[in-house]
Structure formats: structure tokens, C-alpha cells
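Over in TrEMBL, the protein carries these features:
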| type | residues | note |
| --- | --- | --- |
| DOMAIN | 1-135 | domain 'MGS-like' |
| BINDING | 8, 12, 34, 35, 36, 37, 54, 55, 87 | substrate binding site |
| ACT_SITE | 60 | active site, proton donor/acceptor |
Ligand SMILES: O=C(CO)COP(=O)(O)O
């Protein structure tokens with residue numbers, strides 16, 4: 001599965017710790033991230049991550065494009081609900097596309113944990129059928 005990992009600055013440490021805790025699950029998948037988030041996770045783990053541009057420079061839109069092209073199966077996006085972001089429209093667009101394409105998306109760590117456990121259990125296998133039928 002193709003997973004996107006994204007975190008706003010005040011949530012990056014949480015996502016890095018999450019990636020360390022769940023490295024064994026994450027390493028079985030293709031990982032993608034916005035620039036700074038991906039760099040931070042790679043520094044702290046042995047995970048290989050394809051890094052898009054930093055969020056404010058278009059990274060959220062690049063991940064949105066991957067969703068629209070059916071290349072993303074799950075998104076863990078730890079948003080900071082207490083800080084205004086200069087690229088708020090990009091953030092909204094990314095979340096919207098998850099809803100348009102029915103992509104499981106977690107915006108906080110509690111849901112992220114549930115999604116990752118579901119992934120490990122095979123609950124997201126239906127995504128393979130969706131992808132096969134859209135190719
Ligand atoms: O801003 C972001 C998501 O909206 C995250 O971008 P970075 O991972 O580059 O900090």
C-alpha cells in the first residue's frame with residue numbers, strides 16, 4: 001500500500017515517535033511524505049520515504065494529485081488545529097480529495113494508530129480491488 005505521512009511543525013515530534021513505534025508495520029509499505037516531515041522521519045528511523053516538496057511549497061498538492069490519480073491508499077496527516085497555516089487552502093483541498101476518493105485519512109494520532117492497526121490486519125485490502133478496476 002502507498003501511505004502518506006504529513007505533520008505540521010508542532011506535530012512532527014509526535015509523528016516521528018509514531019513512526020519509530022510502528023516502524024515494523026510502516027516498512028512493509030511504500031511511504032510518501034511532505035518534505036520536512038519525511039526528512040525528520042528518515043533521520044529517526046531506517047524507513048525509506050519518497051519526499052515531496054514541503055507542505056507550504058506545494059507538497060500537500062502533490063499528495064492530493066497522487067490521491068486523484070489513485071496512487072495513495074492511506075493518509076496520516078497530523079494537523080495543528082491551534083496554528084494558522086499559510087497554505088490552509090492546500091490542506092483543505094487534500095482532506096477534501098481524501099473524501100472524494102474515499103481514502104482513509106487520520107488527522108490525529110489516535111485515529112492514525114487505529115488506521116495503522118487496521119492496515120496491518122488487512123482491512124484495507126479493498127483498495128487493491130479499487131486500483132485494479134481503475135487501471
Ligand atoms: O505543511 C505541511 C502540511 O500541510 C507539512 O509540510 P512539511 O512536512 O514540509 O513541514
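Placement of Cβ uses the backbone N, Cα and C atoms for every residue, glycine included.
In sequence order, 9, 12, 54, 55 are the residues near residue 36 (substrate binding site), counting only same-chain partners six or more apart with C-beta under 8 A. Around residue 8 (substrate binding site), a 10 Å sphere centred on its CB holds 20 further CB atoms from the protein chains shown. Reported as a whole number, the C-alpha separation between residue 87 (substrate binding site) and residue 60 (active site, proton donor/acceptor) equals 9 Å. Other residues of the chain with a Cβ within 8 Å of the Cβ centroid of 8, 12, 34, 35, 36, 37, 54, 55, 87, the substrate site, are 6, 7, 9, 33, 56, 59. Of all residue pairs in 8, 12, 34, 35, 36, 37, 54, 55, 87, the annotated binders of substrate, the farthest apart have Cα atoms separated by 17 Å. Look at the Cβ of each of the binding-site residues 34, 54 and count the other Cβ atoms within 10 Å; the largest number goes with 34. Within the same chain, residues at least six positions away from residue 60 (active site, proton donor/acceptor) with a Cβ under 8 Å of its Cβ are 6, 34, 87, 90, 91, 93, 94. Counting residues of the domain 'MGS-like' (1-135) by DSSP class, helix then strand then coil, yields 75 helix, 20 strand, 40 coil.
All protein chains included, residue 87 (substrate binding site) registers 17 other Cβ atoms within 10 Å of its own Cβ.
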